[in-house]
């Protein structure tokens, strides 16, 4: 199953790594000129990361449990509102926070009544705690990426305000060479594809290693150049061909090494199992009169 998820994340990474630069180039080729706006698009799709974050826990919980857990997020919001902005609390608001938090805690104690058919207690509890506070693995990395994208988006938003980009977007859309509708399609897909890139990187690292993610990104660079030659008729210089050849060579070399390593491990396990069987057989022969 992990291998399937790894392949899916490699595919997502490939789409984002190749599609992001290509669609950004499409934005500039046909009349886009906003640097701050284009930078904003690279991180502005951060809400997309919320989908796998919620799905990680929701996949193991019934709707009733998930709904109540989502409502208990108010407790965390209330705490941070008090600490950060000195939100004033009344007896009723404190009572609501306590009841919601207690209700969520009680909900996690009795798991046999409403969990999905065939779902074990362990899987239910895992989904419960992943939804209440996501697991410290894949979802933690997603949370970190979400925070980074959010603050990068805020920073670019400030730049857009100073540069009056928000007022210029409508004018730029009307004068866009491909038309106003396609301008907004390019903008939306740009934000989506860049988030595919970030999600793919995190997934590949989680299901394999950071080395593989680096190899994937590097090998896709000349592929992106090749796609630019096909779609945008850029010049295919000899250096691009050499880069593509070397990247593919390195990519194949990596997977050959991984296959060889896994094969050696399997052979070692088989030999170890054979030695254990022979040892047990010798012991039985020794004990038998």
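Each Cβ is built from the backbone N, Cα and C atoms, and glycine gets one as well.
Curation does not apply to TrEMBL; its annotations are automatic.
Positions annotated as transmembrane segment by TrEMBL: 6-28 (among others).
Annotation source TrEMBL lists transmembrane segment at 40-59 (among others).
For 65-85 (among others), the entry in TrEMBL reads transmembrane segment.
Annotation comment: TrEMBL describes 92-111 (among others) as transmembrane segment.
What TrEMBL lists as transmembrane segment is 135-162 (among others).
Remote same-chain partners of the transmembrane segment (183-206), defined as residues 6 or more beyond its termini with a Cβ less than 8 Å from a stretch Cβ, comprise 5-6, 8-17, 19-20, 23-24, 26-27, 32, 38, 41-46, 48-49, 52, 137-138, 141-142, 145, 149, 172-173, 176, 212-213, 216-217. Annotated transmembrane segment per TrEMBL: 183-206 (among others), in sequence order.
The feature transmembrane segment is assigned by TrEMBL to 212-232 (among others). Tertiary neighbourhood of the transmembrane segment (212-232): same-chain residues 10, 13-14, 17-18, 21-22, 25-26, 29, 200-201, 204-205, 240, 243-244, 247-248, 250-251, 254, selected by CB-CB distance under 8 Å and a gap of 6+ residues from either end.
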